[in-house]
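Going by TrEMBL, these are the annotated features:
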type	residues	note
DOMAIN	55-164	domain 'Acyl-CoA dehydrogenase/oxidase N-terminal'
DOMAIN	170-262	domain 'Acyl-CoA oxidase/dehydrogenase middle'
DOMAIN	279-421	domain 'Acyl-CoA dehydrogenase/oxidase C-terminal'
Amino acid sequence: MATSTPKHGDHFKEVKSSHIGLPALDISAAFPQATPASIFPPSASDYYQFDDLLSPEEKALRRKVREVMEKEVAPIMAAYWEKAEFPFHVIPKLATLRLAGGTIKGYGCPGLSITGSAIATAEVARVDASCSTFILVHSSLAMLTIALCGSEAQKQKYLPSLAQLHTVACWALTEPDYGSDASSLRTIATKVTGGWMIDGQKRWIGNSTFADVLVVFARNTSTNQINGFIVKKDAPGLRVTKIENKIGLRIVQNGDILFKKVFVPDEDRLPGVNSFKDTNKVLAVSRVMVAWQPIGISMGVFDMCHRYLKERKQFGAPLAAFQINQEKLVRMLGNIQAMLLVGWRLCKLYESGKMTPGHASMGKAWTSLKARETVSLGRELLGGNGILADFLVAKAFCDLEPIFSYEGTYDINSLVTAREITGFASFKPAVLAKASRL
């Protein structure tokens, strides 16, 4: 009598049902020897006591931001980063910090010093870089453009709600064909009766998938100059889709924006934007803020490594006891002290009216470069756990990459500074000589 032999596929199904698809162990149970970033480590990076340079108000703001970020954002950030989703329930908590509007005075805005706003940016980025980018786009780009370039009626209409984070804004400059060469943008604004018709496309626009208000830059077809406009989220002809598959700032919702005959009434044209040069007064502030994001990220990574090395043991001793680990930790700490002082000096140059575009560009380029080195050292120190978002460093490693590129790439910012110190502009490639007949 013939007997049936179990097929290989049946065996695989048994294995699959018993082993595959089980939920992951909680990280604390899977790796009990070190504390994950959901319980954020205490601050340990202010070795040169930079806090002494801050005013009492700036110190209080720093403490408040640190407390809220560690309590409300740290426990949930890895999960939302993994899903590439935005934690909308956190927005009311961020609103209590009163960071939206930054240095803007009046209209419900906090009127912070630029140093206070910068310190707050760093403290948010210390825990989560995506949250700091969300606030920066909303506040230091979109809101500041309305404050510096908008009419009085526009300021009164839009800023109070944006300052309370009851509404959210984005800032649409970059296009698929024009990133570093943003002044060549092709999105157009055509004058029509009662307003303007916008046609074109934007890309990489943070907050755009859920923004209530879009600050948009387009080329005036009559003057060929760049103008600014305020566009509402439900405007007919406006379409926004999420950019997928990012490896960094995954919580930030970057979008592609399509404008197909989007009507903007005259009252929503920004009167203070009549050429691309008019964006410089906004970018001067935002570039200072972005320079503080790598500082904050580096602070968080150092704090994580500082705790981890004392908790994690190998060869019968804490990792912090090994010479090579101590050297790396100190190198990270030294980078942070230098970055803090460069960032602080940049704020003081701005406050005194002495800051130039070259100053801001070098600050952003240099802090992002040193942060890359710092975070890479942290990645080495955590070994296998250095590739898990649960221990912050891998997440920070990835989040730093888009920051290295946006608000001017490292190379472009270096060229801005170089133009200032040499007198030669080198943005455009040299004209190619005619090919020789030989």
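Backbone N, Cα and C define each Cβ position, glycine as well.
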- Would you mind splitting the domain 'Acyl-CoA dehydrogenase/oxidase N-terminal' (55-164) into helix, strand and coil residue counts from DSSP? 80 helix, 4 strand, 26 coil
- Query: DSSP says what for the domain 'Acyl-CoA dehydrogenase/oxidase C-terminal' (279-421): how many helix, strand, coil residues?
  - Reply: 123 helix, 4 strand, 16 coil
- Message: Need one number: mean pLDDT over the domain 'Acyl-CoA oxidase/dehydrogenase middle' (170-262).
- Response: 97
- the domain 'Acyl-CoA oxidase/dehydrogenase middle' (170-262) resolves under DSSP into 3 helix, 51 strand, 39 coil
